[in-house]
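Q: Can you keep this structure in mind? I'll have questions shortly.
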Amino acid sequence: MSESERSEASEVFGTSPDSRLSSEDAAELEQLRREAAILREQLEDAGGLATSARAARDVHQLEARIDSLAARNAKLMDTLKEARQQLLALREEVDRLGQPPSGYGVLLSVQDDETVDVFTSGRKMRLTCSPNIETKELKKGQTVRLNEALTVVEAGHFESVGEISTLREILSDGHRALVVGHADEERIVWLAEPLVAAEHLPEGSYADEDDLTDDRPRKLRPGDSLLVDTKAGYAFERIPKAEVEDLVLEEVPDVSYNDIGGLGRQIEQIRDAVELPFLHKELYREYSLRPPKGVLLYGPPGCGKTLIAKAVANSLAKKMAEVRGDDAREAKSYFLNIKGPELLNKFVGETERHIRLIFQRAREKASEGTPVIVFFDEMDSIFRTRGTGVSSDVETTVVPQLLSEIDGVEGLENVIVIGASNREDMIDPAILRPGRLDVKIKIERPDAESAQDIFSKYLTEELPIHDDDLAEFSGDRSLTIKAMIEKVVDRMYAEIDDNRFLEVTYANGDKEVMYFKDFNSGAMIQNVVDRAKKNAIKAVLETGQRGLRIQHLLDSIIDEFAENEDLPNTTNPDDWARISGKKGERIVYIRTLVTGKSSSASRAIDTESNLGQYL
C-alpha cells in the first residue's frame, strides 16, 4: 500500500463522508463526480429534449451508485468497530488470566497508621491497605483479600466454616473467650466483632434465647456452640445447636389436671410437694421448711406418670401467673423432658457433660423466676444402682454427677426434678434418699372407680351417639354416656371366666388366678375407646348408621384383651406379687388361662436368674 493509500485509510474514522471511503472507492467516486459534472454541462449546453432526458438518466444512475458505495463503506466501518471491541475484550481477558493469584487472611486488628494485622498462611503479618479500602469500616475477624504484594485490596465476609467449640466463659475484657474443643482441649480465642457487639447490647435490645423467629443478635452463654478458626484464634458466630437441645424438649405443656382421671390422691400429693413451695415461699421460710428437691413417680407403665409431670408444669405456670398478677394466657414455665436412653453416650464423660448442660440450662431459666421442671423419664435406664452393670460401669460416674447437681454447691432455686420409672428397685438408693428425691408417689393401676373416671375423659357428650342407645334414656346424652361407662367398666372388671388371664403359683405353693383387670391401665382404657370409635366409623361406612354404641365398646374390650394375651412376656413377676398382696413371694410357675389361644401351654419361670424387666 502506498503512502497516499495509507493516509486515505487512516482517514476512515474521520467526520467527513468522503473520509469514510477506501482509497480505490474514493478515486472511483471522484471520477464519477467529474463525469456527472461534465454531463450537467453538456445538459446545459444541449437544448434538445432527448439529450436532456438521457443526461438526467445517467445522472440518476451515477447518484444511485454513489449511495450504494456509501452504504457498503458504512457497513465495513461497523464491522471494523465491532472487531476492535472484541480485540479489547480479549486483551482484558488475557490480562485477567495473567494476573497472579490472590491470598486471603483473617483481620486481627487495625492500627492507628491505617495498617492492619492479618493472619494468613499460618503467619501473623502487618500489611498495608489499598487506597480503595476504608480501614475504619473493617471489622475484627473479617476475611480480607490480598494481592501479590500482600496488600489488602478487598474486604469480605466473616468465615462460615470451621470447627465447633463449646463456650466455657467470656473473659473479663469482653473480647476473648475460653472455649473447649475436641477432646476437652481448652483454648482462648478472640470474639469476632458481631459477637462482641451482641454482648454490649442494652437490656431488651437482643433476642430471647428461645424465640427462634427473632433475627436480632443473641447474647452468648456458657454451653453455646461457637464456630472457631483455631489457627487464627477467632470465634466468628454462635451456632444455634446447643447439644442439650437434642436431648431436651423445652415446652410449656398444655396438659392440665382435668385431663387426668383416676389419680386424684396422687395429684394432691404432687401438688403439695411441688406447688406449695413455689406459691407460698414466705410461709416455708417462716416455718424453716425446706422445699423438696425432687419427686419420684413410680408404677406400672401406661398409668399416667408422664401426664402428671406435664400437668404439674402447666398448673405451676398458671398459679405463678396469678400470684404475680400476670395474664394467665401468658403463663410461662419450662418442662425439660429428658430422653433418658439417648442421654447415654459411648464416649467417657459425655453423658456427665450432658447432665451438667441440662442443669445449667435449668438454672438459667429459673434465674428469671420461671418455674422449671426437669423430667427424667425411664429414670432406671440412666441412674441404675452402681455396681449392677453387666457390660459397663457407666452408672458409677453418671449417678454421682446427678447427685452433685441436685444437692451440690450451686442451689436449684425454682427447679424441681421429677423422675418416672416402672422399675424403681433398679434406681440407685443414693438418689432416692430424703434430701434428693424427697417425695415418692406410686401411680397404681386403676380400680373400677378410677376406670370410670378415666373413661369419662374420653367418652364425652360431644361424641355422636347412636339413636337406639339414646332412645333407651329418652334422648338424655349425659345419662347415656354414664350408662355406657358403667356397662363397660362392669364388663372389664368382672371376675368371669372370659376375663381370666393367668394362674400364678408362688414358692410357698399358693396359687392365684389373675384377671385382665389386674393389668389394666389408663393407656389400655384409651385404646379401648379408640377401638370403639374406629368401629363406629366403619359402621357408618358399611351401614350408614351414625353414632357410637355400647356394643362397639364391649367388642373393643374383647379385642384389647385378645391383643394382650402375651402380657406375661413383658411384665415383671415381682410386680405381679405386689398386685396380689404377696410381697416377697417368688413366682415359680405361670399358666395362661386365655381361652381359645393355641399356644396356651403352661410355662415355668426360672426365678433363680436375674429376669430383669422382660422375661
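Backbone N, Cα and C define each Cβ position, glycine as well.
Taken from Swiss-Prot, the feature region 'Disordered' applies to 1-27. For 22-99, the entry in Swiss-Prot reads coiled coil. Positions annotated as ATP binding site by Swiss-Prot: Gly302, Cys303, Gly304, Lys305, Thr306, Leu307.
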Q: Around the Cβ of Lys305 (ATP binding site), how many other Cβ atoms lie within 10 Å? Please give the count over every shown protein chain.
A: 26
Q: If you count other C-beta atoms within 10 angstroms, which of the binding-site residues Gly302, Gly304 is the most crowded?
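A: When each Cβ's neighbours within 10 Å are tallied, Gly304 leads.
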Q: Which one of the binding-site residues (Thr306, Leu307) has its C-beta surrounded by the most other C-beta atoms within 10 angstroms?
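A: The largest 10 Å Cβ neighbour count belongs to Leu307.
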Q: Near the ATP site, what residues other than Gly302, Cys303, Gly304, Lys305, Thr306, Leu307 in the same chain have a C-beta no further than 8 Å from the centroid of the listed C-beta atoms?
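A: In sequence order, the nearby non-listed residues are Leu297, Gly299, Pro301, Ile308, Ala420, Ile443, Ser521, Gly522, Ala523.
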Q: Let's check the environment of Cys303 (ATP binding site): how many other CB atoms sit within 10 Å of its CB?
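A: There are 27 of them.
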Q: Would you mind pulling the DSSP three-state label for Gly302 (ATP binding site)?
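A: Looking at the DSSP assignment, Gly302 (ATP binding site) belongs to neither helix nor strand, so coil.
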